[in-house]
Amino acid sequence: MKLVLMGLPGAGKGTQAEQIVEKYNIPHISTGDMFRAAMKNNTELGRKAKSFMDNGDLVPDEVTNGIVRERLSEDDAKDGFLLDGFPRTVEQAQELENILSDLGTELDAVINIDVEKDVLMKRLTGRWICRTCGKTYHEIYNPPKVPGKCDLDGGELYQRDDDKKETVEKRLNVNMKQTKPLLDFYSEKGKLHNINGEQEIKDVFVDVEKILASF
C-alpha cells in the first residue's frame, strides 16, 4: 500500500499518520526524517542538503527528489509506505511518478484531510502556554479553569508569536495556494480521496480505513 497523506496545518495529519502506519505496518516517511537520515548517514545528497540548510536556503528539488528516490528504494518501502510532506508541488509529484515507475510500482492513493479555514484558525490560534511551567492549554479543547492562569501553578498564560491570528492566517493562505494545484493534479489522475477532517479523530480514521479497504 503506497500512500501520500496531505492536509493543511491543524488538520490532524500527524495523528492519522500514526494510526495508518501502525495498523497497516508501513513506514512513515516524512521529508524531515529523510533529510535527517541522509545527513546522519553522510550520503552525497545528505551533504548537499546540509549545505543548503546551514545557509538557511531551501533545498532544491533535484536534491530533495534524489533523497526521496534513495529512501523509497530501501527494502522496508518495497511493500508500501506513507509519504508525508512530499510532494509539495506538481513538479515534485511528477518526479515521484517517475521514481515509482523506475521502481516498477505506482501510488495507490492520495488521502487529503480536508478542514475549512475557519476551523483551522480556531484550532491553531487557541493555544496558550504557561510562562512558569510550560504546560499547554487550548481555549476551546483544553481551557484552564481560570482564564489566563495555569491550573498547576497559577502562572500567566501567553501565546507564542507563531500562534497569533495574523501569523496563522498568513501561513494557511500560503499553504492553501501551494496545495491546490497538487490536489487538482491528483484529482485528475483519479488518485485523490478527500476526507472530512472536522469529525472526531476516530471517525476520520474510520473513513481512512474505508478508502484503504479497496487496496
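We number each residue from 1, going along the chain as drawn.
Heads up, the Cβ atoms here are built off N, Cα and C, so glycines get one too.
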Region 'LID' per Swiss-Prot: which of the ranges 126-163, 164-201 is that? 126-163
To which of the residue ranges 30-59, 90-119 does Swiss-Prot assign the term region 'NMP'? 30-59
Using a 10 Å cut-off on Cβ-Cβ distances across all protein chains shown, tell me which of the binding-site residues (ARG88, ARG160) has the largest neighbour count. ARG88
Around the C-beta of THR31 (AMP binding site), how many further C-beta atoms are within 10 angstroms, looking at every protein chain? 18
If I take the alpha carbons of ARG127 (ATP binding site) and ARG160 (AMP binding site), what is the distance between them in whole Å? 8
So which binding-site residues out of THR31, ASP57, ARG88, CYS150 end up within 10 angstroms of TYR137 (ATP binding site), measuring C-alpha to C-alpha? CYS150
